[in-house]
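Notes follow the structure.
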């Protein structure tokens, strides 16, 4: 097994939101993940967490986050233990504080995917072990590591990249893209209707990070100016988990913000890549997709099937990179 080369001394540190790290630390984790990806491809052992036990707490369902944390843990030599919403009592029969103190006695690290940012913050405060945010309503830092790793793999650099996010500007992905991009020197544009712009608290954090690291953040409802010269176009579902009652309203607001061939052409570039954190409503091959078609007559929502499957799309590289970047976070903070 090769000796571990950590980007920075992050041992014992939690990752609850992007700006828990410096920009240099954040990109260092991306570079570390790229090294671990090579180890995986080469079959080089990298069991840096041999004998460690990892708790995977899930209030929300998951495909990529659960799979990524599970495989990453096993590859690193650790044992992952899944605790779903029916297994844990967070704030119901037992306080988050008490739960955290118990889990901290038994596990070496804790992942949490759920609703409240306060919950993951309390887990970190009271457990005494590193805690990693697998998604909350406010932030999605492990997704950002994978997203910006995918961009760096494609272009070779991050500083100066033009990234345009199109769609609902009031979700965790939009918040995190702004802040992480600003920390990495990326020019981030959030293209969204005026009624869905990011709240000031998140925008102001992003602006502060941009002033520190040389990135930029802009918000607009003008699709033409937002996507011009974009190296990356990113979108997400129009309705997040728990917002299903908003479908009709969001379709009305966001139908013109669909990522399609016309939008890609507006970039003026031939090498623009398309990203999506998944799952995506790009066809009718799911129960949701069929239901949306029956109710609204739509066969595609935030992205057309053509673009999703096109040479521009990097969505499955992006999904794979969840595992490599999560592995980097765990190894750097526990190894």
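Just so it is clear, glycine is given a Cβ too, placed from its N, Cα and C backbone atoms.
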Note: Swiss-Prot has 62, 63, 64, 65, 89, 113, 140, 141, 142, 143, 277, 278 binding carbamoyl phosphate, and from 189, 199, 322 that site also includes 322
Quick note, residue 277 (carbamoyl phosphate binding site): same-chain residues at least 6 apart with CB under 8 Å of its CB -> 140, 143, 147, 173, 236, 318
Cβ contacts within 10 Å for residue 240 (L-ornithine binding site), all chains included, total 17
Within 10 Å, the Cβ with the most other Cβ atoms among the binding-site residues 62, 89, 142, 172 is that of 142
Expressed in Å to no decimal places, the gap between the Cα atoms of residue 172 (L-ornithine binding site) and residue 142 (carbamoyl phosphate binding site) is 12
